[in-house]
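Input: a single structure, listed below in structure tokens.
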Amino acid sequence: SGESGAGKTESTKLLLQHIMNLCKGNSQLEQQILQVNPLLEAFGNAQTVMNDNSSRFGKYIQLRFQENTVQGAKLSEYLLEKSRVVQQYTGERNFHIFYYMFAGLSSEQKEMYGLLDPSYYRYISGRFGTQEVAERWKLKYQEVCNALDMVGFQEQEQVDMQAILAGVLSLGNVTFEPEESNGSVKVSEASQGWLKAAAVSHKKSSQCRVHCSPVNPSVSCCSFCADARDSIAKVAYGRVFGWIVCKINELLAENVDPEVELREIGILDIFGFENFAVNRFEQLCINLANEQLQHFFNHHIFQLEQAAYKEEGLPWETITFNNNEPILNLLLAKPVGLLSLLDEQSAFPQATDKTFVDKLNSSFKGNLHFQPARGLVLGFSIIHYAGKVQYAARGFLEKNRDTLPANVHGLFINSITPLLVPLHIFHESTPTLARVKCGHEAHVFHSSLMVLMERMYSANPHFVRCIKPNSQKEPGVLDNQVVLLQLRYNGLLETIRIRRDGFSWRPSFEEFAER
């Protein structure tokens, strides 16, 4: 664990290498486990203001052993930040793979996928990089291609995958305009070419006149269709990412007798605590995950440890620590925790981000860990274990609903690209652009987080705390104040005290007697 940019992913890679080295083997499986990283980073990492290679998803790697030899591995992924596909903020980029493709594809390949100059594409904000950066990306693209071959993607599957990514970029340039005669919305004349480019994997691309029925009357049809367009892009990208993880798991699955009991080491590399100039729904989810991990750390290092000393009747002066349980209650309590209120508001068609904020302000009045925004700002602040974070509430309800137009399901069913067909979307057969409810995003994330925490609590944990040396992304610079702040809020000063005064090495009575 640690802040964004503290070195969690790099430490994970070093730890994996170390474990593989301790296995004393050089088997193909061990090499494959190490080589899936470039693939995951290309599709799941991006540049943010805090980190040039920030993990925009969480991963849990389970290594399975028999007699100290790795027999298999499994990867679980959490909360891919799909919203990044359709929008990035100042100083940020889309997922690496889009830039790698522009740098690495030949002119003939770009023509095949319908890709033009990167400056044309809204989903990457029309920005690319210097010649020097593009050369680096070109090498990265080759790494990705090698990894795709190694993981077992067929040539046609790789072509399909890149066609989808190119289609996603073209889709972002499709705009809409109203038809004066009947209240319908059509694709604007100026973006017909982009629609054709986006529809390379679809049979019925010309059917682009839509009668829409927004659930909220205050939403214009053009805005509604733009949201639907972005939803399609996010679903398609999420599908590609999920497909990669499935293929990796097929490759790394153990091939042993099911009766044989395997031992396991799990490594959790999850997005770090974030506090940007503007914090949104994604930052709330990320920071909630970090609150859960901090609580897990406190439980093991302080509560269980001191309970064991008390049980054995040892003379012990209780060490107090910063318990973040009240913050978790604020976020997760039912029926009046922040996530419950968000889901409740998301279920009301007439609810807005403002009504959501009003509900928070009335529900958490007087709560020490919640602060209403001042003046006319639409937002709120939460006093997290790592400090105060101010959240901008605009877009919270829309992102939590993460809804997809019902008739879009048909687009995927009719796709000639096999990858897009098995999308598991609940839908209603209706001619209008009705919304599909697939479970609120915060609820889905919280459920998967709970499964992860159950795994954590059933294991014997070791904590690797990554400390960020400075906020400027500079090598070899140690900013004392930045470091001290992290040591304090992580509870590491108290941890040092309990390790110094306590009994950190505990042999069994048998081991002790034998020695």
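Cβ atoms are placed via backbone N, Cα and C, with glycine included.
TrEMBL lists 1-515 with the feature domain 'Myosin motor'.
What TrEMBL lists as ATP binding site is G2, E3, S4, G5, A6, G7, K8, T9. Long-range neighbours of G2 (ATP binding site) (same chain, six or more residues apart, CB within less than 8 Å of its CB): K8, G272, F273, R465, C466, I467, K468, Q486.
Sequence annotations record features per position, and here TrEMBL assigns region 'Actin-binding' to 449-471. When pLDDT is averaged over the region 'Actin-binding' (449-471), the result is 92.
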- Given the recorded ATP site (G2, E3, S4, G5, A6, G7, K8, T9), which additional residues of the same chain have their Cβ within 8 Å of the Cβ centre, ordered by sequence? N51, G272, C466, K468
- Task: Sort the residues of the region 'Actin-binding' (449-471) into helix, strand and coil with DSSP and give the three counts.
- Result: 9 helix, 0 strand, 14 coil
- Query: In the structure shown, which of the binding-site residues G5, G7 has the fewest other Cβ atoms within 10 Å?
  - Reply: G7
- Task: Go through S4, T9, our binding-site residues, and report the one whose Cβ sees the most other Cβ atoms within 10 Å.
- Result: T9
